[in-house]
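TrEMBL has this to say about the protein:
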| type | residues | note |
| --- | --- | --- |
| BINDING | Trp45, Tyr137, Lys260, Ser294, Arg384 | substrate binding site |
| BINDING | Gly105, Ser106, Asp231, Ser295, Ser296 | pyridoxal 5'-phosphate binding site |
| MOD_RES | Lys260 | N6-(pyridoxal phosphate)lysine |
Amino acid sequence: MSQSRVWHPFTQHALEPAIPEIVRTDGAYLHKADGTRILDAISSWWVVTHGHRHPRIIKAIETTAASLDQIIFAGFTHEPAERLAKALVDLAPSELDWVFYSDSGSTSVEVALKMALGYFRNIGAPRSRIVVMEHSYHGDTIGTMSVGARGVFNAAYEPLLFEVDTIPFPAPGREQETLDRFEAVSRDQHAAALIVEPLVLGAGGMLMYPAWVLAELKRIAEASGTLLIADEVMTGWGRTGTMFACQQAHVSPDILCTSKGLTGGTIPLAATLATDAIFQGHYSLDRKKTFFHSSSYTANPIACAAALANVEIWQDESVAERIAALGALQAAGLRRFRDNPCFTDCRVTGTIAALDLRAGSAGYLAEIGPKLRTFFLEQGLLIRPLGNVLYLLPPYCITGAELDRLYDAIEEAGERFGLKP
Ligand code: PLP
């Protein structure tokens with residue numbers, strides 16, 4: 001191939017000159033041009049749920065593309081969007097009644113933030129502070145970086161980011177501190193919204209916290225009139241063991257963001273779900289109260305059809321059972337690491353497992369990360385550590401034998417790169 005002109009995301013091209021080309025995907029595998037294959041242990045950035053190219057989703061894409069492509073969504077509608085919205089309202093926590101489409105996790109969060117501020121302004125009680133949780137990640141746009149952890153990812157753009165109030169991550173033993181801080185902040189600042197990743201903070205290091213903390217955060221938010229935004233971009237579609245992570249805490253947020261697994265990982269689509277109160281806040285004979293947001297590809301019919309096929313797979317193919325089985329395999333697989341001195345912690349929530357290597361540090365720029373990534377890739381495994389945090393977030397079709405291969409490789413990585421105390 002002649003010299004590539006592609007600028008890749010989160011890639012330092014000076015240090016990663018040879019970028020492998022993938023020519024085909026199926027199930028849990030990426031296939032390279034040279035005929036070798038790579039086991040995708042992170043579902044290609046957490047999007048692939050059932051496995052690559054699930055036939056029902058591919059068929060829905062093909063069938064829909066034969067009759068519908070893109071349709072301007074301001075002033076027009078189409079059946080895939082209408083049916084999908086109804087399906088999402090049925091599947092999501094009970095208080096969510098309205099679906100606003102966009103095209104990536106980041107845009108679904110931007111929409112959520114705008115809905116929250118628009119709501120308060122429209123009801124004549126403006127609020128503008130956003131409360132965020134330490135170590136969170138919500139995307140790479142200016143707004144989503146503002147509500148995410150500050151650090152190397154966004155240092156250059158700091159002057160453009162808006163101010164937020166941060167509550168501590170509810171690490172074991174520190175849960176009350178988080179709740180107390182949120183109580184104080186929501187009272188003092190008159191906060192518009194708290195945005196959280198429910199149960200698992202993904203890019204921040206696969207940090208996990210218990211469902212009761214989320215329930216308490218919702219209780220405090222409600223008491224102070226602060227909206228709760230659940231960013232389920234990563235945690236949705238079964239990742240934490242239930243369809244949405246909020247459901248484990250019996251919490252219905254005011255706004256919920258979903259993307260990634262929404263189309264089973266085939267094609268970009270996102271949705272922001274909101275309560276009727278938030279919709280009604282924008283429903284008015286006064287045009288100034290319109291929700292002023294759009295993107296050109298809002299509610300792409302082909303993407304909506306892919307998402308509908310994903311919903312049908314959930315209904316017809318015992319996905320919940322598969323997820324429960326995968327969660328049990330992950331929990332069992334991590335047992336062998338509990339007494340392994342090369343790891344300082346291992347944890348699991350639903351289908352997600354994470355281990356902290358006793359070497360280097362967490363975080364994207366920690367030198368250990370790329371070394372580990374190369375080590376795994378040489379064995380045909382796609383594991384993309386967050387610094388010293390190794391995690392497995394596999395497609396639900398992965399087998400026990402394939403998981404064992406991953407645990408074996410992680411154990412070997414521990415021996416090779418981990419430090420003994
Ligand atoms: N929110 C969370 C919790 C995420 O994990 C991500 C991406 O990893 C995003 C938002 C941003 O999604 P996208 O990359 O589709 O813009």
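In case you wondered, yes, glycine gets a Cβ from its N, Cα and C as well.
Note that the coordinates shown come from a computational prediction; the quantities given were computed from them, not determined experimentally.
When the record's substrate-binding residues Trp45, Tyr137, Lys260, Ser294, Arg384 are compared pairwise by CA position, the greatest distance found is 33 Å. Checking the binding-site residues Ser294, Ser295, Ser296, Arg384 for a CB within less than 6 Å of any atom of ligand 1 leaves no residue at all. Within 10 Å of Gly105 (pyridoxal 5'-phosphate binding site), counting CA to CA, the binding-site residues Trp45, Lys260, Ser294, Arg384 contribute Lys260. For the pair Lys260 (substrate binding site) and Ser295 (pyridoxal 5'-phosphate binding site), the C-alpha distance works out to 18 angstrom.
Of all the binding-site residues given, namely Lys260, Arg384, the one with the smallest number of surrounding CB atoms inside 10 A is Arg384. Here the Cβ of Trp45 (substrate binding site) has 17 other Cβ atoms within 10 Å, regardless of which shown protein chain they belong to. Of the candidate binding-site residues, Trp45, Tyr137, Ser294, Arg384, the one lying closest to Asp231 (pyridoxal 5'-phosphate binding site) when CA atoms are compared is Tyr137.
Within 10 Å of the Cβ of Asp231 (pyridoxal 5'-phosphate binding site) there are 33 other Cβ atoms, across all protein chains. Here the candidates are the binding-site residues Ser106, Ser295, Ser296. The one whose C-alpha lies nearest to that of Trp45 (substrate binding site) is Ser106. Shown are the binding-site residues Ser106, Ser294, Ser295, Ser296; of these, the residue with the fewest other Cβ atoms within 10 Å is Ser296. Cβ-based crowding with a 10 Å cutoff singles out Gly105 as the top-ranked of the binding-site residues Gly105, Tyr137.
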